[in-house]
Amino acid sequence: MMEGEGRSEAGKAFGLLICGTLVYYHCAYRNSTILSLFSDVLIVLLCSLAILGLLFRQMNISVPVDPLEWQISQDAANSIFAWLANTVGAAESVLRVAATGHDKRLFFGVVVCLYMLSAVGRLVSGATVAYAGMFAIKFCFLLLNQLVFVVET
């Protein structure tokens, strides 16, 4: 066993100990949920990255990918919003058919889905779900933007 490997293993163990302590504090001591922990971690990471990006910009350090300079084409924006409109329309038509009760299997599927959503709503606060949803949507837009950027180049 080399000398550097022992330090690497000790560093991993120390990192796991710190992470475990923070998870215990957040979930057990503060009586928060895991979803709240993940959204808090995501908020801290995104804020840290934003501050680092602004700092690098002020210091004229070139960043390999600068999200502030990304551009999305008009066709990509139109296709994204067309997909969004089609998804909302499809969900509305499915819920309309389920509400009439003509399709019993669909009706019970919607009831189970709504029951699961209400169970999640009882476990976590609305603000936590809003934060997690906001950052999930932002992450999806970043992935789409990266995909459009790769396709255009």
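Placement of Cβ uses the backbone N, Cα and C atoms for every residue, glycine included.
Those TrEMBL annotations? Automatic predictions, nothing curated.
Feature annotations, reproduced from TrEMBL:
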type	residues	note
DOMAIN	12-143	domain 'Reticulon'
TRANSMEM	12-29	transmembrane segment
TRANSMEM	41-60	transmembrane segment
TRANSMEM	106-124	transmembrane segment
TRANSMEM	130-151	transmembrane segment
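Regional average pLDDT for the domain 'Reticulon' (12-143) in the model is 78.
Residue counts for the domain 'Reticulon' (12-143) under DSSP (helix as H, G, I; strand as E, B; rest coil) come to 111 helix, 0 strand, 21 coil.
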